[in-house]
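What Swiss-Prot records for 16-36, 38-58, 133-153, 155-175, 244-264, 281-301 is transmembrane segment. Taken from Swiss-Prot, the feature domain 'ABC transmembrane type-1' covers 19-308, and the record attributes it to sequence analysis. The annotation domain 'ABC transporter' is assigned in Swiss-Prot to 338-574. Marked as ATP binding site by Swiss-Prot: Gly372, Lys373, Thr374, Gly375, Ser376, Gly377, Lys378, Ser379.
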Amino acid sequence: MRTLLPFIRLFKFAKFPLILGLVLMILGLGSSMGLLTVSGWFLAATAIAGLGTLFNFFYPSASVRGLAIGRTVMRYFEKIVTHDATFRILSKLRVQVFEKIIPLSPAVLNRYRNSDLLNRLVSDVDTLDSLYLRLLAPFFTAVFVIIAMMIGLSFINIPLALGLGLFLLILLMIIPTVFYRLGQQFGERLIQARATYRTQFLEFIQAQAELLLFNAEDKLKEKMLVTEKTWQEDQAKEAKLSGFSTALVLFLNGLLISGMLWFASNADFGTDEYHTAYIALFTFAALAAFEIIMPLGAAFLHIGQVIAAAERVTEIIEQKPLVEFNGNEEFETKVRLISAKNLNFSYPEQETLVLKNLTLDLEQGKKIAILGKTGSGKSSLLQLLVRNYDANQGELLLAEKPISAYSEETLRHQICFLTQRVHVFSDTLRQNLQFASADKISDEQMIEMLHQVGLSKLLEQEGKGLNLWLGDGGRPLSGGEQRRLGLARILLNNASILLLDEPTEGLDRETERQILRLILQHAENKTLIIVTHRLSSIEQFDKICVIDNGRLIEEGDYNSLITKENGFFKRLIERV
């Protein structure tokens, strides 16, 4: 239950609507109980008066009409107010969750599937609406109304009022506790099964081509059927327990009515000529009282799911960023732009160092190629430069200041990074290119850039031009087209430092030369750092750094490295 406390604290953001909703709920339930109770007394008193006694029926009939209208009006406005307040709280919660997700580095987010993150942000947050609407508000309403009813009826007969009130308060403690325990067993399983099924279903839709190609469609369907069967079994258990709670409450209601009828028949109501009508009043009060208890069994059966959803949302909220941007230094261009001193780095939850005592100096405005075999640590160095991670040990300087001294905004403004995997948004071609810059990019610039990177045919597809819809993950595009789209974004960006991780991977030799020529031309007055294991046009770079097993083993220009006897770079060129 402690898991729910942070979400209960969110109620302060809609304090007045929630209190107003609670008051309206109390008035609505009180009107409903009063209507049935007064009606019972009114009918019995009218029957007694029908034997010849004078009876003023105007006051009780007006009370019945007033309570009936009050019940309808209160419940109408209670629904409006409580649901509006709940939506406000859920929107605030979604914003908070999203604000917690944004600072998380890719390393943290990669622990979760995209579909699972979406499920937590949408479905699990939606499940939490029951916390106020189905659990807290009805429970506190029931407590208040039972106490108010007990006080009101005590003016007529104290023993009967106390007996009825105490019986209902005992049930109010027992029924929610029992069904909370019963529902706790499968509440978490229901939430987990829902999340798993939605993830599998999304995979099934997104990977149709691959599933058909490798004849794996039936295998995934079988997994989905197993998940669906588990989910349905738990739903069936919940439905049975919900039915049992209703049957139990109805049974207890019958016992209470029978007991109240018995005790009221033997109670002393004084010598008033309508005193026997009070028997009906207490009997109908017992009947009406179970409107309070009836929804609580099924509601607290659901609390297991609410707690499980809260735990899943809390897990995201409590994630800590691997990197925190607390600096506020201004960027000033220096000749020695990037300096690494004795850098040691290993990825989280891994002991193996991918960078070992790496020392490196890179000058402003130079074109640098970083070579090395797969897994040598080339890409890891770029990850440190954009602060997706921080080094375990050592010093990394940007413009002669610690890289941690800059704010995230300053760092992102100065550095543009092309990763090995280009993300294509489910949006138009225009919007995918606009993501390259915070400033408005004209259609003419976009079209020219698409021509330069060899994506002219995209403008001709379906005759939509820049309005071409690229779909989820850019599935209509080939791997090479996705790389070129990523390059187009880089070339539309005005950052002074360009970091490119395998920019020509997946391109043929001729296209690779054209793209490298375009990149070098664009980076004429910029600092360019390219990570690659391909040697095309390598002689055009001002500096070449060779990294192996996390260490810098050679550096220099093309001519100095190619003439170095028994050098790693020279052997590499000769082998190619």
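Please read every residue number as a count from 1 along the shown chain.
Here the Cβ of each residue, glycine as well, is placed from N, Cα and C on the backbone.
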Counting every protein chain shown, other Cβ atoms within 10 Å of the Cβ of Lys373 (ATP binding site) number 12
The one of Gly372, Gly375, Gly377 whose CB sees the fewest other CB atoms within 10 Å, among these binding-site residues = Gly375
Fewest other Cβ atoms within 10 Å: which of the binding-site residues Thr374, Ser376, Ser379 wins that one? Let me know.
-> Thr374
Overall pLDDT for the domain 'ABC transporter' (338-574), taken as the rounded mean = 86
Would you count the other CB atoms within 10 A of the CB of Lys378 (ATP binding site), including those on all shown protein chains?
-> 25
For the recorded ATP site, whose residues are Gly372, Lys373, Thr374, Gly375, Ser376, Gly377, Lys378, Ser379, find every other residue on that chain with a C-beta no more than 8 angstroms from the centre of their C-beta atoms, and list them by sequence position.
-> Ser380, His533, Ile547, Asp548
